[in-house]
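Note sheet for the following structure.
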Amino acid sequence: CFGFPLSIFFIIINEFCERFSYYGMKAVLTLYFTRFLHWDKNFATAIYHTFVALCYLTPILGAIIADSWLGKFKTILYLSIVYAIGQTVLSVGAINDLTDHNQDGSPDNVAVNIALSMIGLVLIAIGTGGIKPCVSAFGGDQFEDDQEKQRSTFFSLFYLSINAGSLLSTLITPIIRASECGIHTKQECYPLAFGVPAILMAVALVVFVIGSKMYKKVKPQGNVMLEVSKCVGFAIKNRFQHRSNKFPKREHWLDWASDKYDKQLIAQTKMVLRVLFLYIPLPMFWAVFDQQGSRWTLQATAMDGDFGFQIQPDQMQIVNPILIVIMVPVVDSLVYPLIKKCKLNFTPLKKMTVGMFLASMAFVAAALVQVQIDKTYPVFPAAGQTQIKLINLGAVPATVQFQELNQSVEVAPNEATDYMTFETSKLQSLHIMSGTLNDTVPLELLDGKRHTLPFKQVSMDINSDLILDNITSKPASGRSLVRFINNFPVTVNVTMGDTDFGLLDPLSVSNYSEVPKPDRTYAIRASGPQISCEVHSKKFGYGGAYTISIDNCVGNELNIKYFEDMAPNTFHMAWQIPQYFLLTCAEVLFSVTGLEFSYSQAPSNMKSVLQAGWLLTVAVGNIIVLIVAGASTIKEQWAEYVLFAALLVVVCIIFAIMASFYTYIDPNEIEAQFSKEEKEEDKKDQDENEKETEADSRM
């Protein structure tokens, strides 16, 4: 078809669906941990990076299985089945109603959900990692030797399908996740957010199988990684056995393998090890880079995503693939030629060094953003402290005295104070003076908690009711919270949209409830004896908490008053774009150049060894993050960002020093030299054989 083997179109469609499946699931994973499984941010980050590390460790296993036993086709087929099962298990594990027997909206046995989720993630890691090194190589196998141009075009289409799958899934699955579904209660729809990627993986598998009769299937020919490992192992063992001074020293420790392995394999292994030595500092880059899906997503949950339309926190990850698509051609066609015109020797290792530095700057930018976010956070009471907020629901101004502290505060009609912080042991009561009335209110305040005291002059008395505010942090779901105070003289039933806040007695307060869609308005209704009126709410925004007093009805219109208990997210998500831009620049300079450098410095038959080493650096980088997240005692998130930035700068300096001692080689010249020597030896052997034959014939 257009000069291409028809089979490659099945492979490209398969790759698009698989990448959609992987990136779609990965985009919402961190929020699934924190919002559905209710894990704290550090533990969620650790598990997320454990999963990513596993995804980059298993490709080595997949490559060995494909090259040594099953071949690429069967490896892709069998591991894709494992992959699809894993996505399905994860989707089932995310069903809220699975163990919610009492139908209260929370799983009765969350251990079942956790177990299914972990089993699903392990299967996904085995599947996606196992097929990672096989699919592109299997596509390359479909071409004949004289189809170099078509093969090159295939790889371009192949990587385009990866980016397309990543872009679309990172855009779509957070929207699905933010929608609501459930049998008994409506909550964020993680089953469908994981279910759509599971369906796409099943489609990928079906498409791959449909093309099976068209594929060219190359038989397994042994894995060069195993050969290299055996060669290195034998050299170390032989050197250890001949460590005595009796034995002559050899030029390189790998030369001790020459007793068993040929000189060409040893020379090629030396070339590979020189590059792998440079890989040692690289995991620190990936430790920073892969936090886009964990720490940066969690950072976005505390930010305002109103761009005229609502952006979900996990959708911000889409900035990276968009910038990659734009920047790779710009850098290749404009930036690098401009640097070359300036006669600057911008070698691949220098590009990688600059990339590492830019990644550290991205985390400095993230730290600056975090400092601004922290300024918007409410201050909650520390140990030994308590907070109280006063709401005057009456029509007369009031003065409230904190008797033990000799402090007082004025509260205007239908207004509220901010939360005031006191030492718990020193505040036992307060005195309210409103008009000609006054009243002393005893207080039983809990340590480390917030409280609200609504009060109102009614006839010849002051009514008040101390309420415990059961919130100690920003809402974990990222949505806003709302509760109602009944300021009617009679009991009323209050609803907002589909949420029923129940019957509220005069001056009583409902529990907080989440606003399902904080970027929308809702009809607030109050009904009771001879009362039925409603009003449309304002948009609450994300991350806030509000108390709304139901005051009175004028005709059929309900009069209400908003009291802000906690400000919504106000620092805009757009401020994350600079850090994404810096990190994407770093990726272009580091990742793209790193692979290009590795391939240029590797022998033709050992590129897979370097690919395995490269993937291993990604895995180790994620292990670094989970260690830091699990062991760190740093309480301020901005300080952790600065720590990672500082570590990466140190590693960047070490890498720059290592790179300065590296000498670039041309593996093709070295291999050509070996081929020439081999031919000369063969000719010499042939000549000797001919002389012996001639001598024998004379005899």
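Just so you know, glycine gets a Cβ as well, placed from its N, Cα and C.
Taken from TrEMBL, the feature transmembrane segment applies to 46-64, 76-95, 110-131, 152-172, 192-211, 271-289, 318-339, 351-371, 612-634, 641-665. Per TrEMBL, the feature region 'Disordered' maps to 675-699.
When the stretches 192-211, 318-339, 612-634, 641-665 are ranked by Cβ pairs under 8 Å to the transmembrane segment (46-64), first place goes to 612-634. Sequence-remote contacts of a segment are chain residues at least 6 beyond its ends whose Cβ falls under 8 Å from one of its Cβ atoms, and for the transmembrane segment (152-172) they are 4, 8, 11-13, 15-24, 27, 136, 139-140, 142-143, 196-197, 200, 314-315, 317-318, 321-322, 324-325. Long-range contacts of the transmembrane segment (76-95) within its own chain (CB-CB distance under 8 A, at least 6 residues past either end) are made by residues 18, 21, 25, 32, 36, 62, 66, 70, 112-117, 119-128, 130-131, 134-135, 138, 190-195, 197-198, 201-202, 204-205, 208-209, 212. The list of residues near the transmembrane segment (192-211) in space but at least 6 beyond its ends in sequence, with Cβ under 8 angstroms from a Cβ of it, reads 6-7, 9-11, 13-18, 20-22, 24-25, 28, 32, 76-77, 80-81, 83-84, 87-88, 90-91, 94, 169, 172-174, 176-177, 179, 181. Outside the transmembrane segment (612-634) by six or more residues, the chain places 42-43, 45-47, 49-50, 52-57, 59-60, 63, 132-133, 225, 275-276, 279, 282-291, 294, 594-595, 598, 640, 643-644 with a CB less than 8 A from a CB of the stretch.
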